Amino acid sequence: MMSVGQTLSLLVLTLLSYWAGCRLHRCVPHVLMSPVFTSTLLVIGALYLTHTDYQTYQVANQPLSWLLGPAQVAMALPLFKGWTLLKKHVSSVLTVVFAGTSSGVLTAALAGKLLHLSSETTLSLIPKSATTPIAMVTSQSLGGTPELTAIFAVLTGIIGVAAGPVFLRWMGVQSRLLKGLALGTAGQMLGAARASKWGDAAAAMGIVGMSLTAMLIGLVTPYLLPILL
């Protein structure tokens, strides 16, 4: 059983790593410097150097894991902010989000089969297109590994932001609203932030895409498992 000191030190490690990741991102505002990504690397390095096993770290950080639930509920706030645009373009928005979400889930399941990944790894990969908190909660409900899902989700966001604008340009998409929606759907919060470069309306659509994608994955994916696996 862990001592109180060890528990607190591992909890502080997580908080300090994220704080350092945020500071680093301010100094180097690049998509690869996402605080979630860099703080994860810092934690992994610290655990390796101190010979701390992951189970010990996970138990110590249970208070932070509990916050994933409220974070999931809080997704309603950004969706409310984009409610006006959502009502105005509801059919187009739902079509794009459904297409993007479905393709993300299906390609994850297909990759798991083609690469002969374990069932646990595949289940961890399937919710990758949702925002990290909801992806982790969904992964846990499916029987995956939430922490592995977090890494997949961050990488998905980074790839979406890096490749998304190039793909949209190649496809000849001109509408800023559509580009914002597509980036929010594919790149989560990173995509919505990138969409802000096209204006406030594009950023709002990015948030709508991010929120609806997360909600759709969290609600629908558990019922698709018999078909996907």
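In case you wondered, yes, glycine gets a Cβ from its N, Cα and C as well.
Caution: TrEMBL annotation is automatic and unverified by curators.
Marked as transmembrane segment by TrEMBL: 6-24, 31-51, 63-80, 92-115, 148-170, 201-225.
A contact between the transmembrane segment (148-170) and the transmembrane segment (6-24) is absent, since fewer than 3 of their C-beta pairs, 6 or more residues apart, lie under 8 Å. Contact between the transmembrane segment (31-51) and the transmembrane segment (92-115) is not supported: fewer than 3 Cβ pairs lie under 8 Å, counting only residues 6 or more apart in sequence.
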